[in-house]
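Take a look at the structure set out below.
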Ligand SMILES: [Zn+2]
């Protein structure tokens, strides 16, 4: 749902959600996750940021709340969503027909030779 105060307003609120692609990077790399956590002051977070669900990008008041959450439906739904790899820029380009298939390099070189020959014929 588009936010009334513009696309960025969701990021600025407490309820702002983290994108699935970002969470994918969080799960894959501790450093990426730490960078995200470093943007928050522990005293501003529920439970001082001690109880964090990486997959849902959510903080919880206590370990018990976190455990309850990991057994719940929203968390399991999120795990299912995260099973699919996020779309990469490369996939988007491939869908638009812009392939970078290095295996076809030889074909391209012969095409280039043809083009050069054509130019020679004109001059
Ligand atoms: Zn969760």
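Glycine too: its Cβ is placed from the backbone N, Cα and C atoms.
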Checklist outcome for this item: TrEMBL feature region 'Disordered', matched against 24-67, 68-111, maps to 68-111
Checklist entry - Who are the long-range neighbours of the compositional bias 'Basic and acidic residues' (81-93) in its own chain, taking Cβ under 8 Å and residues 6 or more past its ends? => result 20-21, 23-24, 27, 55, 99-100
Checklist outcome for this item: Using DSSP three-state counts, the residues of the domain 'C2H2-type' (51-75) come to 12 helix, 6 strand, 7 coil
Checklist entry - Quick one: mean pLDDT on the domain 'C2H2-type' (51-75)? => result 94
Checklist entry - In the compositional bias 'Basic and acidic residues' (81-93), how many residues does DSSP assign to helix, to strand and to coil? => result 8 helix, 0 strand, 5 coil
